[in-house]
Amino acid sequence: MSNSGVTQRPSSTISSSTPPMETPHEPKGKSKLVFPFGLPATPEAAAARIIENLSHLSLFYMLVLWVGLSISLMPERKFSLLLLMAMTIIANQYLIMVRPMSNSICENKAVDKMLVLVPMATVTIVGLILTEAAIHLFATLGIGIPVILVHAVLWKDGGFLNEEVSASTPGELAPLVDNV
């Protein structure tokens, strides 16, 4: 009665023609995970890394500061937020118009951009101070600049820029997994 008609079969062996199942955590190819952060060896290397990262990632750093300032202005200072948005639109329109021009006033486009963008930034800062949003501006800069500097020190640029695409789109980031 204990069996109740059930018989046990001997376990069948797997033939050698079928490959064993792979475990899901084993990599299929030779891949290594690339970690984009690291401490520089010397203070000189840290200064060089800061300068290089500020030149390569300045647009992203500026965007972080802009978003932080926009978020801090949103609940209380709506007119200051409108001023910031208007100056941003004017600066973007200027940069869009300068891009296709091959012969601008100056031979160097960076100097030409700085002749307009620095006074616009000055007007924006003065406008934010006059609209009583100085505390928001200085708090955003006080929090954002140290975070950006720490990121600029720790971010290793080596191997993260895609050299194949860099001619058409400079600064294109490569994936964080290298297939070796």
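A Cβ is built for glycine as well, from the same backbone N, Cα and C atoms used for every other residue.
In TrEMBL, annotation is done automatically, which means it is predicted and not curated.
The annotation region 'Disordered' is assigned in TrEMBL to 1-28.
Here TrEMBL flags 7-20 as compositional bias 'Low complexity'.
Under the heading transmembrane segment, TrEMBL lists 54-73 (among others). Beyond its flanks by at least six residues, the transmembrane segment (54-73) meets 80-81, 84-85, 88, 133, 136-137, 139-141, 143-145, 147-148, 151-152, 155, 157, 161, 171 of its own chain at Cβ-Cβ distances under 8 Å.
Taken from TrEMBL, the feature transmembrane segment covers 79-98 (among others).
Look at TrEMBL and you will find 110-129 (among others) tagged as transmembrane segment. Outside the transmembrane segment (110-129) by six or more residues, the chain places 80, 83-84, 87, 90-91, 94-95, 98, 104, 136-137 with a CB less than 8 A from a CB of the stretch.
Under the heading transmembrane segment, TrEMBL lists 135-155 (among others).
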> Cβ under 8 Å to the transmembrane segment (79-98), counting only same-chain residues 6 or more beyond its ends: which ones?
Replying inline: 66, 69-70, 73, 104, 109, 112-113, 116-117, 120, 123-124, 127-128, 131-133, 136
